[in-house]
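Copied straight from TrEMBL:
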type	residues	note
DOMAIN	61-449	domain 'Major facilitator superfamily (MFS) profile'
TRANSMEM	62-82	transmembrane segment
TRANSMEM	102-121	transmembrane segment
TRANSMEM	133-151	transmembrane segment
TRANSMEM	157-178	transmembrane segment
TRANSMEM	190-211	transmembrane segment
TRANSMEM	223-242	transmembrane segment
TRANSMEM	263-281	transmembrane segment
TRANSMEM	301-322	transmembrane segment
TRANSMEM	334-353	transmembrane segment
TRANSMEM	359-381	transmembrane segment
TRANSMEM	393-416	transmembrane segment
TRANSMEM	422-443	transmembrane segment
Amino acid sequence: MTDLSNVQPHQVLPPAEAMLPGDPLQVNPVMVLEKGNLDTCEKAVVAVVADEWTYPDGGLRAWLVVLGCFIMACTCMGYGLVFGVFEDFYHTNRFPSTPLSSLSLVGGLFSFSMNCASYLFGGIGDRYGYKRMIAISGVFAYLCLLASAFATKLYQIFLFQGCLLGFSMGIAMPLYMALPSQWFFYRRGLSTGIAVAGSGIGGGISSLIVRTLLSSLGYRDTMLIYSNGCALLWTAAWFMMAERRPPGYKDIPKRWLPRNIGPAFYSVALSVFFGIFGYLSPYYFITTYVKSQVPTLDPKSILVVIPLVVMNMSGGVGRIIAGRMADRFGPINMFFTSFFLGGLSQIFIWTFAHSYGAVMAFSVIYGLVGCWFLGLLPVVCAQLFGLNDLATITGFMVLVNAPGQLSGASIGGAVFSGSGGIWPAVSIYSGSVMLLGSCFVLYARFSYEKRIWAKA
């Protein structure tokens, strides 16, 4: 037997395929060392040495990859959040006779298309290369944004800012979400959290920029500036990102789903499926809500959109915090906490937020805690199902978002209209659905680790 007495846990990092369940050699040797099973660990170490595979877990190149993913999340995932500013502009200036629930459907269609494309192109990216698909995504998304600058009809908005733009951005989404997991092991939660935090930070910055440009330059010039700015950022991000595959990955059969589909897989999928129905309501409606609760504010004032900006920025900070906490307390625990606290904050804070200060407080709290789940998806999937085909599996979990992304906000608008314009009906509906989503993930949590206070 090989002498492992001098082997330290930080020196034994598993190859990507060693994270997969089902094979005796496919174990995490760090966990085996902690449990003292030297016979199994010896086999794992031999596999590691044979593959010569370790995780950098830092260094300039690894953090440049994270920065590139961060920029992509800023401009792609962040666009879905900043649509609240466009929706308010359309409702106030361009299509005032169109119901708010109908305009919300544009954002829902964007999210639905993006999530549907994520599963398909996550699998294609696993097979033919991440960067190739990311480049295609950037070209198509730029053309959609450019075309929307010249849109004058509502159906054109649905087409270019909804269906086609969402599909184009969805091509890259699971790929830049999964890339940090190829470079980090011990800091996987933190690195992924930083990367996906771009969606909140980018959404917040873009909300300010777009709101100001719409007021000063008008719609067409705003979209021209925005589309070309995105193109420059995407080009820079593409050069920063790099794939890092384990030796022999091309010989591993590609799959569209994990090898062992079981209750834990459905548990996570159902949690995302139900929870997302309530997640986006505050982002879509908070600007309109501020106008209704604080009528003394000038509708064109920047103060109207500040709560949305704060919510987005807090979301970026929250995802970074959640990533660090996931490394410390376990990604599944933090995944549950996100849905649970997000639902409670809607029911018990948003329901009673009738002043500008109270709305700002809700925006900060909800932004900090309600958004963790999306950034933790690839980390949860890596922990439960391994790194092989991670973009495909992450894409599937993103796909499960699609029904809620499409109709969640519209249902919220319908609840608002059906209740006679009572906002608490919206907050209670969406908060309750998030709580329901948190309940579904409990099966995966306790099947992975039965102890209540354990890291999982």
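Just so it is clear, glycine is given a Cβ too, placed from its N, Cα and C backbone atoms.
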Does the chain bring the transmembrane segment (263-281) near the transmembrane segment (334-353), so that three or more CB pairs sit under 8 Å (pairs 6 or more apart in sequence)?
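Output yes: the transmembrane segment (263-281) sits against the transmembrane segment (334-353).
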Applying the under-8 angstroms CB criterion, which one of 62-82, 102-121, 223-242, 334-353 scores highest with the transmembrane segment (393-416)?
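The listed stretch sharing the most Cβ pairs with the transmembrane segment (393-416) is 102-121.
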What parts of the chain pack near the transmembrane segment (190-211), using Cβ distances under 8 Å and only residues at least 6 beyond its ends?
62, 66, 69-82, 84-86, 176-177, 179-181, 183-184, 222, 226, 302, 305, 308-324, 326-327, 367, 371, 374-376, 378-379
Give the one range among 62-82, 157-178, 223-242, 422-443 whose Cβ atoms make the most pairs under 8 Å with those of the transmembrane segment (102-121).
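Out of the listed stretches, 157-178 contacts the transmembrane segment (102-121) most.
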Looking only at the domain 'Major facilitator superfamily (MFS) profile' (61-449), what is the model's average confidence as pLDDT?
87
